[in-house]
Amino acid sequence: MQLKTPIIGTRHIQCFLCFCCLSICYALRVNLSVAIVAMTDRNSTNGDLKVYDWNEGTKSYVLSSFFWGYIITQIPGGHIAQKYGAKNLLLIGITLCSILTLLTPLAVEFGGWQLLFALRVVQGLLQGSVHPATHAMLAKWSPVEERGALSTFCYSGSQFGTVVILAISGVIAESALGWPGIFYISGGLGVLWGISWFLFSASTPAEHKTISLEERKFIENSLGQVDSTPRTVGPTPWTKIFTSPAFLSLIIVHCTHMWGFWTLLTQIPTYMKNILGVDMKNSALLSSLPYAVMCLLSFFFIYLSKVLARRENVSLSFNRKFFNSIGHWIPMISLIGLGYVTQAHAMLAVVLLTLTVGISAATYLGFQVNHIDLSPNYAGTLMGITNGSANVMSALAPLAVGLVVTDVTNVIEWRIVFFIAAGFYFFGNLLFVIFGKTEVQSWNSPEDALAKRLNVVDAESPALLLNGDAKKATITEIGKQ
């Protein structure tokens with residue numbers, strides 16, 4: 001007998017708070033890219049604010065500084081979230097990052113770009129644990145049959161936050177608040193989120209004070225915690241993790257995804273301006289449109305995944321690989337097509353780019369949730385490893401473009417860039433389709449090795465969901481064999 005839970009339960013509130021967390025994080029990350037335009041605009045109409053004479057090289061250093069710190073804390077952040085819980089890690093990291101955002105105008109005034117650079121590095125260090133900690137939260141709060149939908153909802157917050165900050169930053173900069181207002185508003189929202197997170201969140205259902213017994217049992221039974229007591233996670237099995245073909249393919253697909261995705265987001269605007277004559281950077285609508293479509297398509301893919309889950313012959317493995325293929329191989333084709341769109345059809349290129357970025361949202365139901373499939377106990381650490389590696393690729397992609405494209409008006413050189421990115425998309429997803437797994441791996445815990453034999457991980461198909469008593473009895477029986 002399956003436990004009844006409310007339509008909107010405590011787990012959904014936790015996911016909404018994670019959605020807001022990622023929205024705030026990306027707003028704090030992106031705000032400088034808009035503010036720096038106003039900070040260095042000599043034609044600014046706001047005469048009360050100082051204008052900074054920074055060259056393009058200085059701007060590039062300042063804009064990249066966040067990621068210098070961001071990459072460093074990926075793996076440590078996942079390990080800390082796994083050992084001590086995600087709640088306090090996210091609370092401390094985002095609250096401190098928000099406070100530093102509030103102090104940004106003061107830092108620039110007294111320390112110039114050098115102090116701003118140092119402040120952004122620290123902000124990157126504080127945010128490096130966000131994705132691993134979010135994965136650790138989802139591993140404890142999302143029932144297996146809801147894992148894809150809840151994860152996609154949480155991570156769609158990153159696009160939502162980007163769209164909102166891009167849309168309102170220009171308005172704020174032109175208001176009486178000026179460019180400092182961008183930092184005051186985004187930082188203030190971050191502090192408010194910290195208060196809400198402290199009051200209403202918990203690292204696990206067992207630690208939440210107001211969750212109903214029915215919902216807690218529903219989540220724990222789905223995750224295989226048949227005795228409703230938290231498991232003690234042992235030392236991280238590093239050797240087994242790095243010799244697991246399923247996890248190695250996950251690292252590769254995450255890296256190739258980031259190469260293609262950041263080629264799109266960082267280089268396409270330059271291509272559109274110099275080859276097709278469309279200036280996307282100076283249009284708030286065109287700049288935010290790909291993120292807005294990606295956010296909206298996230299919810300469409302959630303619906304589609306639920307439709308597929310109702311079909312008993314559709315396995316979780318097929319579901320993950322199906323959505324990952326949509327999110328990689330369609331952008332692969334679109335990237336190649338972009339290189340052959342002529343200036344006479346420039347708006348077609350805008351539509352093609354927007355849909356290409358938007359369709360990437362399908363990967364939220366593919367490889368991006370696969371860490372939790374493989375190992376709920378070490379999901380945060382796994383995410384830290386793959387996301388840290390992938391962000392190195394996102395830094396290398398623009399550098400590679402600079403080596404290939406020596407003349408920004410040469411369409412042949414740009415086509416080479418697109419073919420390279422398309423090749424990464426194809427190769428990464430192909431390995432995930434061949435080697436990717438959705439079964440809980442044996443190194444997660446001895447109990448999960450038994451659960452693997454029961455195909456508990458395929459519970460995303462409702463017909464296969466066992467209740468806690470049945471699962472406990474079956475596992476006990478197998479353990480005697």
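Heads up, the Cβ atoms here are built off N, Cα and C, so glycines get one too.
Lifted from TrEMBL, the feature list:
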DOMAIN    1-440  domain 'Major facilitator superfamily (MFS) profile'
TRANSMEM  12-40  transmembrane segment
TRANSMEM  89-108  transmembrane segment
TRANSMEM  150-173  transmembrane segment
TRANSMEM  179-200  transmembrane segment
TRANSMEM  246-268  transmembrane segment
TRANSMEM  288-309  transmembrane segment
TRANSMEM  321-341  transmembrane segment
TRANSMEM  347-367  transmembrane segment
TRANSMEM  379-404  transmembrane segment
TRANSMEM  416-435  transmembrane segment
- Touch test for the transmembrane segment (379-404) and the transmembrane segment (288-309), at least 3 Cβ pairs under 8 Å: no
- Would the transmembrane segment (150-173) count as touching the transmembrane segment (288-309), i.e. at least 3 C-beta pairs under 8 angstroms with sequence separation of 6+? yes
- Here the stretch out of 150-173, 179-200, 347-367, 416-435 with the most C-beta pairs under 8 Å to the transmembrane segment (321-341) is 347-367
- Task: For the transmembrane segment (89-108), find every same-chain residue at least 6 residues outside the stretch whose CB is under 8 Å from a CB in it, and list them.
- Result: 21, 24-25, 28, 31-32, 39, 52, 77, 80-81, 115-116, 119, 122-123, 126-127, 129-130, 133-134, 137, 179-180, 183-184, 186-191, 193-194, 197-198, 201
